Amino acid sequence: MTDSVAAAAARLAAGELVAFPTETVYGLGADAANPKAVAKIFALKGRPADHPVIVHVADAEALDDWARDVPEGARKAAAAFWPGPLTLILRKAAHVSPAVTGGQDSVGLRCPSHPVAQELLRAFAKMGSGAIAAPSANKFGHVSPTTAQHVRDEFGPDLLILDGGACDVGIESTIVDLSRGTPVLLRPGAITREQLAHALGVEPRAPDADAPRASGTLASHYAPRTPLELVAEAQLELRVRELATAGKRVAVLARGPARASAAFVWQAAAENPAAYAHDLYAYLRSLDSSGADIIAVEAPPADLAWDAVNDRLGRASKAVNESDEP
Ligand code: TXA
Ligand code: MG
């Protein structure tokens, strides 16, 4: 075990916060069994207290420690995708604090695959509960961090951050609700609907009005501070010219090589969805601080392979006053 991981585990055991890498995005962690420590996450993020946080565990054996009435589907999904970018919403075990669940009867469980996250979970199991409550390590509603520097940019130098490099996946985990009978896909991610359907033997449904609250499912979320507009591929050139003519500095994010245009900055993005997702948040952060007045994002294909990316871009493009937050 590295010294920094040992120090981070000791901080968790002492009820303090630490940031750590996962394969999706960086997390802001606290001891999931310590409600006072979990409350510090909400205070630092500026997150409303009724929003639940995911509990990170070292392996699938922890399912029955944190959930009750665990359905067969959860075991199958864990066997297929853990450790990995999948969060399971299950009925919570009696001891799980409302500080973690946002007062709901369910708990979100995820076993991350990043080696540093695994090392931290195992070190913390020797000193404390071994379960880490962690949302993404960003201010509420802002773009998730995919590097240690992003976390530093959000919270400054006082927070202990384990640096595990740039996150492989780059967008948050897939969330599937298995607490209410039929599986419901609450948030698309790298583990696709098809992969889940294959493992569960049933196609997960889209969320309905009864779906549990999830801040990552609010219409306005994952947003840069600069207004972001999604533009159809065929309209991009025209729209950029129109905005530039109106005196706006336009930052463009588009697939494929940079093209000549009236844009103030042009960020070329990958043509395939996994590579695009890997860099998406780093690009949004850099375009956000480029001095542009508006970020124009060329809409990726309306294709299932782009489901998770389109979901995040759709939310990032919604102004705060359009938010459906209760
Ligand atoms: O990839 C990820 O999931 C990252 C890394 C750090 O693991 N975490 C993450 O956490 O994205 P956060 O809090 O930013 O988003 C987690 C989502 C939120 O939308 C939250 O409301 C939802 O999971 N969630 C957590 N527990 C839940 C529960 N019991 N019921 C419904 N939604 C839940
Ligand atoms: Mg988040």
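Placement of Cβ uses the backbone N, Cα and C atoms for every residue, glycine included.
Owing to the predicted nature of the structure, the values given are computational and were not obtained by experimental measurement.
Feature list (source: TrEMBL):
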{"type": "DOMAIN", "residues": "2-191", "note": "domain 'YrdC-like'"}
{"type": "BINDING", "residues": "Thr24, His56, Arg110, Ala134, Ser173", "note": "L-threonine binding site"}
{"type": "BINDING", "residues": "Arg47, Ser136, Ser144, Arg187, Tyr222", "note": "ATP binding site"}
Return one of helix, strand or coil for Ser136 (ATP binding site), based on DSSP.
strand
Between the binding-site residues Arg47, Ala134, Ser136, Ser144, Tyr222, where is the Cβ count within 10 Å the lowest?
Arg47
Near ligand 2, which of the binding-site residues Arg47, Ala134, Ser136 are found, taking a Cβ distance under 6 A to any of its atoms?
Ser136
Quick one: pull the CA-CA distance for Thr24 (L-threonine binding site) versus Ser136 (ATP binding site), whole Å only.
9
Hey, how far is Arg47 (ATP binding site) from Ala134 (L-threonine binding site), Cα to Cα, in Å?
12
I'm trying to understand the geometry here, so how far is the Cα atom of Ser144 (ATP binding site) from the Cα atom of Ala134 (L-threonine binding site), in Å to the nearest whole number?
12
For the ATP binding residues given in the record (Arg47, Ser136, Ser144, Arg187, Tyr222), what is the largest pairwise C-alpha separation in angstrom?
19
